[in-house]
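One structure is given here, and the rest of the page talks about it.
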C-alpha cells in the first residue's frame, strides 16, 4: 500500500491541476462568506486569510457563501477539532433550499483522543438522500490543514481529499436516478454538538470540559458557475463557457485517478450504502447496480 501511495504522488498533483478560474474567489474570506450564526463564536481573522468556528455548551457556529453556484470545482482547506472531539460534527457542504433540495455533503464526525475521525459523505437529489459512504483518513486531520474538494459538473460529482478522489456519484438520470443539476447551491459549514448520534451511535457524549472546540478554514477556491438573478455566469453567451481552460465542466476520472479512487475505497472506506443489503431488503438503490 505504501509503494502504491508513493508512486502515485504525481497523480494527486495532476488531479488538483484543473482548468483556469471561471469565477475566481478572492483570498479574503470576508469577500466569499458570511457568518450566519454563533453569536461571536465564528470569526474571520488575519486579514481574511483564516476562518474559525467554535462550539461550546451554549452554541455552535456556522457560515455560508455569499454566492450560489450551479456546478463548480470547490476547494477548501480545513483543520479539524483536535483532541477529544467526540460528539462534535464539522459539516461542510453544498445545498439548495426547499422541500426537494439538492445537497452534497462532507461531514467530519469527531471521536475520542487517539481514535480516528470518520469522514461521512452523502448526496441528496430532489430531497432524497440515504446515499452515505464513510471513510477513515490516511492522516491526522487535526494536525494540519488538508484540502477537501467537490467537483460538481453535469455528468458527475467527485469528492476528493488532498487531490485523491474518494467517491464518485454519476449522473444516471437515464436510469431514473435524480441528479443535482437544476438547483443552485450555496456552500455552508457549521460546527455543532451531535452527541446523540455522532460518535459510536451516540454512546460517547461530548466532554464539555474540553470546550471550546475549534475548527479552522483557509485557502478557499471556487472554479465555478455563479448563479445570479436566474442566470449562470457560465451561460452559453459567455466567452468563458466555451474556454478550453474550463476542463472541470466535463472532467471525469482518468485511469490514474480511478486507481487512486479504488485505493482509497479499498483501504479507507468503512461504510457503503451500496453494499448494505440489510438496509435495503427490497433491493439496492438503482445507482448501486448500474455501471
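Cβ atoms here come from the backbone N, Cα and C positions, even for glycine.
Whatever TrEMBL says is automated annotation, not expert-curated.
Keep in mind that what you see is a predicted model, and the values were worked out from it rather than measured.
Annotated signal peptide per TrEMBL: 1-26, in sequence order.
As annotated by TrEMBL, domain 'GH16' applies to 2-217.
The active site, nucleophile annotation in TrEMBL covers 103. Applying an 8 A CB threshold to same-chain residues 6+ apart, the list for residue 103 (active site, nucleophile) reads 93, 94, 95, 96, 122, 123, 124, 129, 180, 185.
Per TrEMBL, active site, proton donor is recorded for 107.
If you look up TrEMBL, you'll see 111 marked as N-linked glycosylation site. Shown in sequence order, 85, 86, 117, 118, 199, 204 are the residues of the chain, 6+ apart in sequence, with a C-beta less than 8 angstroms from the C-beta of residue 111 (N-linked glycosylation site).
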Spatial neighbours of residue 107 (active site, proton donor) that are distant in sequence (at least 6 apart) but have CB under 8 A: 89, 90, 91, 92, 93, 119, 120, 121, 122
Arithmetic mean of per-residue pLDDT over the domain 'GH16' (2-217): 89
